[in-house]
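K.L.:
My questions all concern the structure below.
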Amino acid sequence: MAKQKFDRSKPHCNVGTIGHVDHGKTTLTAAITRTLSTKGWADFRAYDQIDNAPEEKARGLTIAISHIEYQTETRHYAHIDCPGHADYIKNMITGAAQMDGAILVVSAPDGPMPQTREHVLLIHQVEVPAVVVALNKCDMMDDEELLELVELEVRELLTKNSFPGDEIPIVRVSAIKALECGCGKRECEWCGRIWKLMDAVDSYIPIPPRPVDKPFLMKVEDVFSIKGRGTVATGRVERGIIKGGDEVDLVGLHHEPRKIVVTSLEMFHKILDSAEPGDAVGLLLRGVEREDIERGMVLAKPGSIKPHINAEAEVYVLSKDEGGRHTPFFNGYKPQFFFGTTDVTGEIHLPEGVEMVVPGDHVKMKISTIYPVAMEKGMRFAIREGGKTVGAGAISQVLS
């Protein structure tokens, strides 16, 4: 069957659901698709279709990231359902990096919980610019004063993490009630609130300025081979434009950059003439074997980015209260550096006169990684240890 072409008539925006486990992120995602499907703007995706990565079934946890496509009257959205559980925060970091805005789901009966706080901190670290709040399970709360208290608590949490807590839209919903009803009418008590939420997303989450004119860059998230056609690399275009026939550099990890050709592009299983920043695409590549490319490498305009092992960085070390280390670290500390899609072990070199770094400090440091990673000034990374984020940084200067 011939593939349809991807429709670009509406501006595109990447959003995602975040929040504490069992507060209703996946149910809300299902309710959004159900409501929008009544206008033909989405394919309804049931809870278990969204919760569909293989390892999740056993534990009932959303581990992988589900990509859902839908439209409103004015926009086209790619929606990711982020994992809610702290064990899978690594995926959250790769996923949150793909969001122009977040829908923070908070259960009204429970209020903000530890993972709510962790996710809000994380989206601030990875610079997700805007948040809309879905106060879920409001069918279980009939006390107006209690609801107002929960809203206040959510606003305080957002303000504490440098978001404009007083301005952020908070929409009271019941994902389960909207899903059960499914009429999709604006005047319906519960379906209408899903429309109200999407109106808030449409108006409050800005369409990001796309860095179209910069040199092409895409971090490789996944790789697979298609029999008889070649190797496909998937990821999100960070900047620049890529077209079929373009030559790119494959950069990072184990060998010198090598030139390969992009033969064709797909998004949501539809053929694309060209891909722009923000597009989550699969690139069919010529001149590279499946085993020569892996998650953590980047595809870039030839000559535009180089692999490095040494850099200077500005780093904020999370305090104990923010979920960071409880004790200081010293020169020669060897954590993992998380660059976009991969963890790389490395070493920290503190400036002269700095004996140690205490949780809560902001410090300039040199970092070195055990193998080359595509790095450039301004690139953000996380510092991780034992499965948790202990610092957030940005490259201030590439050294070698």
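Cβ atoms are placed via backbone N, Cα and C, with glycine included.
Note that the structure is predicted; figures quoted are calculated from it, not measured.
Per Swiss-Prot, the features are:
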DOMAIN    10-210  domain 'tr-type G'
BINDING   19-26, 81-85, 136-139  GTP binding site
REGION    19-26  region 'G1'
BINDING   Thr26  Mg(2+) binding site
REGION    60-64  region 'G2'
REGION    81-84  region 'G3'
REGION    136-139  region 'G4'
K.L.:
On the 0 to 100 pLDDT scale, where does the region 'G1' (19-26) sit on average?
P.N.:
90
K.L.:
For Cys138 (GTP binding site), what residues in its own chain, 6 or more apart in sequence, show a Cβ-Cβ distance under 8 Å?
P.N.:
Ala108, Leu147, Arg172, Val173, Ser174, Arg193
K.L.:
Translate the DSSP assignment of Asp22 (GTP binding site) into the three-state scheme.
P.N.:
coil
K.L.:
Counting by DSSP, what is the helix, strand and coil composition of the region 'G4' (136-139)?
P.N.:
2 helix, 1 strand, 1 coil
